[in-house]
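Quick look at what TrEMBL lists:
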type	residues	note
DOMAIN	A:132-429	domain 'NADH:quinone oxidoreductase/Mrp antiporter transmembrane'
TRANSMEM	A:6-22	transmembrane segment
TRANSMEM	A:29-49	transmembrane segment
TRANSMEM	A:74-94	transmembrane segment
TRANSMEM	A:115-132	transmembrane segment
TRANSMEM	A:138-156	transmembrane segment
TRANSMEM	A:168-190	transmembrane segment
TRANSMEM	A:210-232	transmembrane segment
TRANSMEM	A:244-264	transmembrane segment
TRANSMEM	A:270-290	transmembrane segment
TRANSMEM	A:302-322	transmembrane segment
TRANSMEM	A:377-396	transmembrane segment
TRANSMEM	A:459-480	transmembrane segment
Amino acid sequence: MIDSLALAIVAPLLGAVVVTLFPRHAQRLGVAAAVVSAAAALAITAVVWTDGVLRSELGGWGVPLAITLQADGLSAALLGMASLVALSVSVYAGGYFSSPQDGERLADDSRSRHFWPLWLLLWSALNGLFLAGDLFNLYVTLELLGLSAAALGALTGSREAVEANLRYLLVGLLGSLFYLLGVALIYTAYGVLDIGLLAEVIAPGPVAATAMALMFGGLLLKAALFPMHFWLPPAHANAPAPVSAVLSALVVKAAFYLVLRLWLDLYGPITPLGAANLLGLLGAAAVLWGSWRALRAERLKLLAAYSTVAQMGYLFIGFPLIAATAAGPARDNLIAAIVLLALTHGFAKAGFFLAAGMVQKTAGHDRIDNLGGAAQGLPAAAFTIGLAGVALIGLPPSGTFIAKWILLEQSLILGLWWWVLVMMIGTLLAVGYVFRVLSRAFNREPTPYRFVNDARAEIPALLLGALSALVLGLAAQPLWTLLGQGVIG
Amino acid sequence: MISTQLFYGGGGILLLLLGLWSFLVHAPLLRKLIALNVMGAGVFHILVATAYRGLDTPPDPVPHALVLTGIVVAVSATALALAFGQRLDRDDDR
């Protein structure tokens with residue numbers, strides 16, 4: 001029988017090989033591979049939800065030798081979000097790359113040929129990262145993710161895109177080397193790499209502290225936490241729309257997932273409060289700086305990219321709160337809240353970028369000040385931006401609303417009022433930048449246009465927006481159930 | 001010999017620091033890439049040194065496997081970065 005965990009990694013990888021072999025049919029084969037991959041990953045989420053933690057050792061070798069794959073509630077939650085986003089992006093990309101504009105047929109054709117193999121490879125690395133059970137496989141998947149992401153980001157071939165993604169690649173490599181050095185240190189000290197085994201033997205001390213500093217340093221560089229965010233806005237804003245969606249919604253989230261996983265499983269219990277406070281402080285700076293720059297951005301995609309910097313900040317504000325809260329329901333709620341925040345942002349930002357891509361393609365540019373009438377011309381895209389905006393701001397009933405509510409409540413209970421202040425200001429700035437876009441979108445006389453103009457591109461974006469703004473908030477309870485499998489409770 | 005292990009490990013740390021310094025200080029792409037590879041060599045040295053388990057016992061194979069994988073990754077990453085650099089150079093020539 002084929003291992004269901006391995007299948008989630010192998011399906012997109014095989015897809016990547018197949019679309020490379022048959023470049024003429026890349027479009028159709030790619031979408032088919034996407035459907036299979038998403039189904040395989042969602043099946044894992046469903047099984048973890050009903051039956052609990054899944055674990056498998058490839059090739060039947062024992063623990064120290066085998067490559068272990070593991071899916072607990074946290075992996076399953078992110079895996080589920082990633083597959084829905086990835087499936088929507090795949091459907092959207094099918095239309096995006098095949099509808100030429102300004103006689104760009106040839107360029108679009110080669111872009112489409114290069115997009116599918118890289119995208120499926122990225123997906124495979126992403127699933128591998130969520131499922132890997134030891135530190136070294138995490139390193140390998142992290143590198144694969146970084147390489148394929150940089151190559152995808154430079155797909156347009158424009159000078160800005162290549163420059164931005166070269167910088168992203170170099171920064172990513174530096175981050176991975178730091179991470180690898182941390183892994184080397186851990187292996188020297190404890191002789192194991194399996195996270196489960198490590199959790200039993202790791203002890204506070206200079207070795208664990210240095211290893212943690214190195215690994216987190218590398219990962220924060222990849223997660224674009226302030227002030228290491230400098231590479232993100234140009235890289236994400238200059239990529240083709242479906243790629244921007246993946247980079248912002250999933251790739252930075254993968255680095256965050258790893259930080260959270262290492263924190264919960266290994267370092268949290270042995271780390272002084274100061275380290276968590278530092279993470280929170282950087283997160284707070286990211287919220288303020290990212291939101292401010294988003295408010296001042298002149299281009300729609302740059303606005304979305306800076307908003308990603310800010311939203312990543314909120315996730316890190318969760319760490320000092322988790323560290324300051326004793327184990328129990330309150331701490332569990334905090335953990336679930338930041339996971340919910342990460343999931344909601346994934347859906348919302350992917351929807352936002354896909355809609356922004358539609359606007360850019362139709363208008364021929366994405367300068368916010370000249371987007372007058374976009375809402376009348378592309379009602380579905382504008383509505384998606386509105387829905388995603390609801391989630392980015394944190395209005396009810398979005399998932400962000402519940403998550404922020406829990407974070408605010410716990411900050412007040414702990415008496416840490418400064419985090420409340422930061423979240424409030426960040427929310428206010430988010431209202432500013434979302435409404436700046438929406439207010440520019442309406443200024444043409446009555447709306448004689450159809451709501452949906454290009455179903456293949458607009459429906460996926462719309463669904464992602466609706467998921468973030470409506471579904472996750474109204475039905476957040478399943479996430480608590482899912483995280484109950486090995487993470488909280 | 002324990003001093004050999006120290007020599008390798010210490011050499012690795014030295015290479016790592018030299019590479020890091022060079023990566024941060026020099027702007028040209030080629031120098032940055034060489035610096036990254038020197039850093040990588042430093043990390044690999046450290047890993048190889050940790051595999052030592054005394055003269056009578058064979059070395060630990062796990063760090064060796066890590067280094068091999070690491071080298072493959074480093075080569076691919078360098079190739080991709082060079083391809084980007086070539087693209088930028090070609091744009092400049094036009």
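Each Cβ is built from the backbone N, Cα and C atoms, and glycine gets one as well.
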Dominant neighbour of the transmembrane segment (A:270-290) in A:115-132, A:244-264, A:302-322, A:377-396, A:459-480, by Cβ pairs under 8 Å: A:302-322
Proximity of the transmembrane segment (A:115-132) to the transmembrane segment (A:459-480), 3+ C-beta pairs under 8 angstroms: no
Positions on the same chain near the transmembrane segment (A:168-190), where near means CB under 8 A and six or more residues out: 135-136, 139, 142-143, 146-147, 149-150, 153, 198, 201-202, 207-208, 210-215, 217-222, 228, 231-232, 235
Intrachain residues whose Cβ lies under 8 Å of the transmembrane segment (A:74-94), provided they are six or more past its termini: 8, 27, 30-31, 34-35, 37-38, 41-42, 44-45, 48-49, 115, 119, 123, 126-127, 130-131, 241-242, 245-246, 249-250, 253, 257, 260-261, 264, 339, 342-343, 346-347, 350, 354, 357, 456-457, 459-461, 463-464, 467, 479, 482-483, 485-487
Long-range neighbours of the transmembrane segment (A:377-396), counting only residues six or more past its ends (CB under 8 A): 307, 311, 344-345, 347-349, 351-352, 354-356, 358-359, 362-363, 403-404, 427, 430-431, 434-435, 437-438, 441, 444, 447, 449-453, 458-459, 461-462, 464-466, 468-470, 472-473
Contact set, same chain, for the transmembrane segment (A:210-232): CB under 8 Å, 6 or more residues outside the stretch: 142, 146, 164, 167-168, 171-172, 174-183, 185-186, 189, 252, 255-256, 258-259, 262, 266-267, 271, 275, 279, 282-283, 285-286, 289-290, 305, 308-309, 312-313, 316
